[in-house]
Amino acid sequence: MNGRKYLAIDLLYFKEHELIEEKEPDQEINLIKREINCSKLLSLGFLLKERVNTYLRLTPYFVGDEYPRGGFTINLAFITNGFALAYPTIALSQLTNNGTESCSFVMSKEEGSWFAGLLGIGGICGSVFFGTLIGQRIGNRKTLLLAAILDIIGWLLIAFAVNSPMMMGGRFLNGVFVGTIGPSGYTFLSEIMHRKHRASCSQATSVAISAGMLVTYGLGSVISWNLLAIGCGISSVLFFIMLLTMPDSPYWNASIGKIEEAKKSLSHFRSKKDDVEEEFKEIMEGIQKSIKKEKISFFEAMKLLFTDETCYKPFIILSVLFLIQTLSGLYAVIAYAIQVLEESRTPIDTNLGTIISGAMRLFFGTLAIPLFFYLPRKTLMYISTGLACLSISSLGILGLLELETNTFTTYFPVGAISLYMVSFTFGFQSIPFLYLGEYYPPHVRQHLAGLTSTLRFLGFFIMLKLFPQMMEFFGPNYTFIFLGLVCLFAGIYAKVVLPETKGLTLNQIQDLFRTKKECSDVETNRL
């Protein structure tokens, strides 16, 4: 029924602008669905912000009233994240093998490892300067807009590179964007989403990354690395345009004293049946619980990191969790997917193998979204880390056995690597980032989320830079077994250390880290 309410509002708009004729209501609905073609929608989007918002209000009719507004736009950034993660395996497979017809230079293996790892160095800069310092001053939305511009420039540098330094520079700017959407993207997502949607939207980011990876693997098998870079940049352009049509988060507006704008922002991101007034009261209570209502500096946040238990407890928990995540090798396997398949000695074409892995990751990651509504987050972590441990360690053990080539040994490496990539979509990849937006108090969230992401990207850089050396020194089989042991430890860490946050508001989650809290109140407010 609410879907028809949204349509009723927008029918007036379309009549005013002569986009539809005067007809019966059912005929008008059919006209909207059939006759408003892509060119009209694009013209609406590029001409006026109001017109884009009018089109977006039609969304609840097609996908249901529970659609989390703003989630799609943010996930577009994570599609670009998937492009950046998977791009090295395509570029290096072409540029380290005497180049291509469209390229006059080649990259050595050492340069290739730097090219892959520079995403982590750029990520550190993005986390510190954009995700933390700039984000605290101008808000997450504007920070993401600036980062998107840099990402577009980065892809252009790579696409038109004539030497390795240009490739490195573009990769660094890609890293700045990826580093920014870590603290700013997930925090912005957690601030605009209703708590019933936070987990599913966080999982959707993992699906978006998988979609970006699959597109990269697929296109990279048929086009050159520089044309692929141009295609990757298009996603950032679309993200930039769509983000312009969105308001700042209600948390940000409330924190800087724009109370009326905060209410309007909250209404923008909620459906008609959501209790906006009650949720707005909760937001204001969260702001008032902060030690300082005004913005605090980075140095003040660092002081609180050592003195406030609601700051240092989540910081330690999340820093260790992200360290384990990077050591698990997921991003290294994604970045060197073709090279890993070559080392597994499978006779299957490596490009086809990466496409199969990417498709399975996208398919099962999409199927996993409903699980976030029904299963506790710690349970999802157990499933995710258990499958990852089983798949990657079994690949290493099979290699040590040196079995004769047969149907099983031919297809098992691709299946194991696919299951390894798929397993992370069940929680181990997305849930830590969800915690990044949930654990920290509002007054230090921007600073500490950025600092946590900085440590994560440091581990990310080290892992991507040293992974080829690990494969060469220890051999692929022992490297795979090591990754499996890290995944096993991640499951144990989730069991022993991580608190369960499913169904809690942001304020209730922060109460979990206080020594004195009313546990009964927390339990009764679970979904």
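Just so you know, glycine gets a Cβ as well, placed from its N, Cα and C.
The feature domain 'Major facilitator superfamily (MFS) profile' is assigned by TrEMBL to 70-502.
Feature annotation from TrEMBL assigns transmembrane segment to 72-92 (among others). Packing against the transmembrane segment (72-92) from elsewhere in the chain are residues 107, 112, 115-116, 119, 144, 148, 151, 158, 167, 174-175, 177-178, 181, 185, 188-189, 201, 204-217, 220-221, 225, 228-229, 232, 235-236, 238-239, 242-243, 246, 331, 334-339, 354, 358: each is 6 or more residues past its ends and has a CB under 8 Å from a CB in it.
Here TrEMBL flags 112-131 (among others) as transmembrane segment.
Per TrEMBL, the feature transmembrane segment maps to 143-162 (among others). Long-range Cβ contacts of the transmembrane segment (143-162) within its own chain (Cβ-Cβ under 8 Å, at least 6 residues beyond either end) map to 77, 80, 91, 104-105, 126, 130-131, 134-135, 169-174, 176-177, 180-181, 184-185, 188, 225-227, 229-230, 232-233, 236-237, 239-240, 243-244.
Here TrEMBL flags 225-244 (among others) as transmembrane segment. Within its own chain, the transmembrane segment (225-244) is flanked in space by residues 45-46, 49, 52, 72-73, 76-77, 79-80, 83-84, 87, 90-91, 94-95, 100, 102-103, 141, 144-145, 148-149, 151-152, 155-156, 158-161, 170, 177, 212, 215-216, 219, which lie at least six positions past its ends and keep a Cβ under 8 Å from the stretch.
The transmembrane segment annotation in TrEMBL covers 315-338 (among others). Long-range Cβ contacts of the transmembrane segment (315-338) within its own chain (Cβ-Cβ under 8 Å, at least 6 residues beyond either end) map to 85-86, 88-90, 92-93, 116, 213, 217, 305, 350-351, 353-354, 357, 388, 392, 417, 420-421, 424, 428-429, 432, 435-436, 439-440, 448, 451-453, 455-456, 459-460, 462-464, 467-468, 479, 483, 486-487, 489-490, 493, 497-498.
Summarising the annotation, TrEMBL assigns transmembrane segment to 350-373 (among others).
Taken from TrEMBL, the feature transmembrane segment applies to 380-401 (among others).
The feature transmembrane segment is assigned by TrEMBL to 413-436 (among others).
Under the heading transmembrane segment, TrEMBL lists 448-467 (among others).
Within its own chain, the transmembrane segment (479-498) has Cβ neighbours under 8 Å at 317, 320-321, 324-325, 327-329, 333, 377-378, 381-382, 385-386, 388-397, 399, 428, 435, 467, 470-471, counting only residues six or more beyond its boundaries. Annotation source TrEMBL lists transmembrane segment at 479-498 (among others).
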Close approaches to the transmembrane segment (448-467) from elsewhere in its chain (Cβ under 8 angstroms; 6 or more beyond its ends): 113-114, 116-121, 123-124, 126-128, 131-133, 135, 175, 179, 182-183, 186-187, 301, 305, 311, 314-315, 318-319, 322-323, 325-327, 329, 331-332, 335-336, 436-437, 440, 479
For the transmembrane segment (350-373), sequence-distant contacts whose Cβ falls under 8 Å of one of its Cβ atoms, 6 or more beyond its ends: 86, 89, 93, 199-200, 202-204, 206-207, 210-211, 213-214, 216-218, 220-221, 337-338, 341-342, 380, 413-414, 417-419, 421-422, 424-427
Residue numbers, six or more beyond the limits of the transmembrane segment (413-436), whose CB comes under 8 Å of its CB atoms: 182-183, 186-187, 190, 198-199, 202-203, 205-207, 209-210, 314, 317-318, 321-322, 325, 328, 330, 333-334, 337, 340-341, 344-346, 348, 353, 356-358, 360-361, 364-365, 368, 371, 377, 380-381, 383-388, 390-392, 394-395, 398, 449, 452-453, 487, 490, 498, 501
Whole-number mean of pLDDT values that fall within the domain 'Major facilitator superfamily (MFS) profile' (70-502): 85
Intrachain neighbours beyond the transmembrane segment (380-401), with Cβ under 8 angstroms and 6 or more residues off its ends: 328-330, 333, 344-345, 371-372, 409, 412-413, 416-417, 419-420, 422-429, 431, 476-481, 483-485, 487-488, 490-491, 494-495, 498
